Amino acid sequence: MSRFKGSDTASPPPTGGVMASGNATNARAQSPASLDPEKADTSPAHIMNLRVLIMLVLVSMGGFIFGYDTGKSLLSSNMDTNPKTGGPGFSNVRSGLIVALLSIGTLLGCLIAAPIADMFGRKYSITFWNIIFCVGVIVQITTTGYWLQIALGRWVAGLGVGGLSVLTPMYQSETAPRQIRGALVSAYQLFITLGILVAYCINFGTEADSSSRSWRLPMGIGFIWPVIMGFGMLFMRESPRWEYRRGKIDSAKATIAKVYGVSEDHWEVQRELREIKEKLDAENAGGKNHPWYEIFTGPAMTYRTLLGISLQALQQLTGANFFFYYGTTVFAATGISNSYVTSMILGGVNFGTTFGGLYVVEHFGRRKSLITGAIWMFMCFMVFASVGHFALDPINPQNSPKAGAAMIVFACLFIAGFAMTWGPIVWCIVGEMYPTRYRAKCMALATASNWVWNFLISFFTPFITAAIDYRYGYVFAGCCALAAATVYFFVLESQGRSLEEIDTMYVLGVKPWKSSKWRAEDAGGLVNTDEITFTPGARGIRKAPGRDMTTGQQVESIPPPTAQHGITDVSGTGLVPESSGARGHHI
């Protein structure tokens, strides 16, 4: 099998075709290229083109804003000053309220972002939430003595962060070429870790400053990223899937062609448009109105909605933030007592190893990476918790340097495993598993779950660790084991598949442990209006006679594929079309 190796790919000869299930003369393939493969563009596809790289950097900046704001929150002591005197200003109650309001803001931002994105589009919504974040920062930075203004500003900024945490991976999932979609969405997590690291470094640089400048300066610097992203998104193209569903077919075609680096009559463009059309036709066959509650009543939607919520919760319950809370104590055993230095070390490991995640997600696939990562983190936590409880001196850590050194090693190994698997890939899975009509709402719920558990863990960790010390790590180890089981039994492999094909797999009930080898022709070809439609209310599916794709009943015989049955793969991606089920490209 050919493998995808770079931005330029070789073009296969214009023969053969994508297997079309059923009647080859059906009018479902409307484009000239699909009807006449000889007219299709046979030039190589340039997947890693300048437009894709700009999208990677600019859109992923939403992750940087997320990470930068989080980094300031985790090291918020610089803000615990009186805006007038520079001395201590916030009580524990007020500090807790500020953190709580930030969490409430992010939660509301997630939920509100979904209907706004569906109504006005992805790119303008991203600009809108960047403006909201800037307003929140302005409210905070202009305070002259009222802690309530800081709290209100954090809440408003939280709205922006929450909205961007939904829209950034959503836009990338819907727009990126399928061959590198996992890497581009995973770049969101890379920029989160970069934002956290930059925030740590700035906090370290302002540590010695006792004036209000110590917290105004980091906030002022935080203006740079949302201004660049919000303004830059105005020049980006809209999500092609959102546009197609709004009747802007020509614009959607142009966007797909640009991100693939090909002409509009290229095989890749026609293939993707055909799948979007077929999926939309199947959905509309049962009625065009899709109320919000269909995220639970639609085909396989309860399954997917709850799975997304669970995966985002488990991303937090793996315990990555635990090391940032206990890092100071552990590093003290080796003579490093400055919390800022400790955090920069851990943040640097987190950022550096996330680069590996961009390779892992496309080279090994989603399922294997998540399961292996969860097992790796389980083992690291077992060692970390055991050494911490039985060997480390909790009162004077410097008295047990060997135990401290061992814990630092396993803390870094854990962070490396998290950064290459569960950190970036969960965002990728959640961005891929939902149909377009429900994606915004479902991703909003899933991301809200992430923020809720982020808050719960940060709030309750001091109380739990005070009671059971490092044995708290056993709790996270158990969650890592649960995470591995959840992926094995419930998550489908989506590497290299189009978003429409992934939706098809969930609707047809493909077994997760068999999903990596599932082939579309085993189910009669890609799902289209010949094979399947949604019943009214989208509560179920209606299959054509002789096409029971889940129970294994007899399916009508299909002749060998020829040019009459579909479109020749002349994309130059080195990949067999989705309908063949073959996988295995590499970046």
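Just so you know, glycine gets a Cβ as well, placed from its N, Cα and C.
Sequence annotations record features per position, and here TrEMBL assigns compositional bias 'Polar residues' to 22-33.
The domain 'Major facilitator superfamily (MFS) profile' annotation in TrEMBL covers 55-495. Each residue in the domain 'Major facilitator superfamily (MFS) profile' (55-495) has a pLDDT score, and their mean in this model is 85.
The annotation region 'Disordered' is assigned in TrEMBL to 1-40 (among others).
What TrEMBL lists as region 'Disordered' is 543-587 (among others).
The feature transmembrane segment is assigned by TrEMBL to 48-68 (among others).
Summarising the annotation, TrEMBL assigns transmembrane segment to 97-116 (among others).
As annotated by TrEMBL, transmembrane segment applies to 128-148 (among others).
The transmembrane segment feature in TrEMBL is assigned to 154-171 (among others). For the transmembrane segment (154-171), the list of distant contacts is 59-60, 62-63, 65-66, 69, 98, 101-114, 116-117, 122-123, 125-126, 128-137, 139-140, 185, 188, 226, 239, 427-428, 430-431, 439-440, 443-444, 447-448, 450-451: same-chain residues at least six beyond its ends, Cβ to Cβ under 8 Å.
For 183-205 (among others), the entry in TrEMBL reads transmembrane segment.
The transmembrane segment annotation in TrEMBL covers 217-236 (among others).
Tertiary proximity for the transmembrane segment (306-328) is limited to same-chain residues at least six positions away from its ends with a CB under 8 Å from its CB atoms, namely 74, 337, 339, 342-343, 345-346, 374, 377, 381, 388, 411, 414-415, 418, 422-423, 426, 429-430, 433-434, 442-443, 445-447, 449-450, 452-454, 457-458, 461-462, 465, 470, 472-473, 475-477, 479-480, 482-483, 486, 490-491. Summarising the annotation, TrEMBL assigns transmembrane segment to 306-328 (among others).
Summarising the annotation, TrEMBL assigns transmembrane segment to 340-361 (among others).
Proximity of distant same-chain residues to the transmembrane segment (373-392), defined by a Cβ-Cβ separation under 8 Å and at least 6 residues beyond the stretch ends, is recorded for 318-319, 326, 330, 333, 400, 402-404, 406-407, 410-411, 413-414, 417-418, 420-422, 425, 469-474, 476-477, 480-481, 483-484, 487. Per TrEMBL, the feature transmembrane segment maps to 373-392 (among others).
Per TrEMBL, transmembrane segment is recorded for 404-430 (among others). Counting only same-chain residues 6+ beyond the ends of the transmembrane segment (404-430), those with a CB under 8 A from a CB of the stretch are 169, 173, 181-182, 185-190, 192-193, 308, 311-312, 314-315, 318-320, 323, 327, 330-334, 346, 349-351, 353-354, 356-358, 360-361, 366, 369-370, 372-374, 376-377, 380-381, 383-384, 387-388, 391-392, 397-398, 442-443, 446-447, 483, 491, 494.
TrEMBL lists 451-468 (among others) with the feature transmembrane segment.
When Cβ-Cβ distances below 8 Å are used as the criterion, the transmembrane segment (474-492) is approached by residues 303, 307, 310-311, 314, 317-319, 322, 366-367, 370-371, 374-375, 377-378, 381-382, 385, 422, 429, 433, 464, 502, 505-506, 510, 512-513, 515 of the same chain, each at least six residues removed from its ends. Look at TrEMBL and you will find 474-492 (among others) tagged as transmembrane segment.
No contact links the transmembrane segment (183-205) to the transmembrane segment (97-116), because fewer than 3 Cβ pairs that are 6 or more residues apart lie under 8 A.
Contact check: the transmembrane segment (217-236) against the transmembrane segment (128-148) gives at least three Cβ pairs closer than 8 Å, residues 6 or more apart, which meets the contact criterion.
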